[in-house]
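Structure record follows, encoded as structure tokens.
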């Protein structure tokens, strides 16, 4: 197997359309119930300083390592996005017509590899696997370019102090988070949850859209830490109540971190991979907004939904025009192009008051689309639940921990509005006109 080619031009990315996932699983599943983080392997790995000391945070080491990996992963995304501007369209389309990019695979490989070096006994649950890549290779003799491209970006950004890695090493790193990599038993487990890129459509649209690299650690079945990297969001808009803009700001970017009992914090993303921030005083404490009046609050929904699909539409009409007068029957619906995690991020930093999501019957909700967002909102002072008012259950998928099954949908609020909105939503969602 050839070694990676770090000098491979980044524009050599392959366009693949409607390939079928026909490759068999690479590794047999194993049954795990990891109850705590085992001692890490003796691998050199720089970590970032956090805004709170280790004696206040039982998972300080895991969070610090996660921050470093997510920041490197965000730089990989920026590099891939820049390469897409100088070549042909580089959108990959899986057999279910969902989009995936070189960056999705590269991010998953990078974070998987780095976490395995430090915490080899903690399994990873993530969105992608290499079946799509391997089936592409089988279908097209030229598609080795896809693996080479992923490997090129991976090699440039990964922290690897060991021997050079092969293409198979990269594919194995991706598969460590795949659906066939691990099966859990009935005991509460410890594991990582990764969304390599939440908001791939936004990533493809470019500079005016938000996308997030999201990583959470679940310990004994409970959310313990979370990291979100948003390369297109300017740090100056986070927690700045005088700046009403939530537009993307390319070339800036923020990191948001959360540890149970220690709050949610954000800082600017470092300018270069080699300049990972180590000063704890660059962090800013994040807090949800204090708004307690619905018509004065900012609401957000995902791009594929409309307000009339929400049970709250029985109580409030909506407007997207901030200058339009509002009364007790009208709310402000703000648009921010991006996935679910970007909505949680904006609630956690006080830019939005409420995020509401409908769980459609034909589309399963993935745990990695919500886990890190939930802990960031809650540690910032907000609240999350399903439409019946119950907490989201990340262990409901008993063996895979990949799917969540909220009743009706998801509600994330600033806390001040929570009880009132839960009462409205739970009373009306069964009667909502859901297609």
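Residue positions begin at 1 at the first shown residue.
For all residues, glycine too, the Cβ spot is worked out from N, Cα and C.
Spatially close to residue 195 (Mg(2+) binding site) yet at least six residues away along the chain are 126, 127, 212, 213, 214, 215, 341, 366, 368, 369, 372, judged by Cβ distances under 8 angstroms. The feature Mg(2+) binding site is assigned by TrEMBL to 127, 195, 197, 198, 369.
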Residue among the binding-site residues 127, 198, 369 whose Cβ has the most other Cβ atoms within 10 Å: 198
8 Å Cβ shell about 127, 195, 197, 198, 369 centroid, Mg(2+) site members excluded: 194, 196, 199, 200, 212, 214, 339, 341, 366, 368
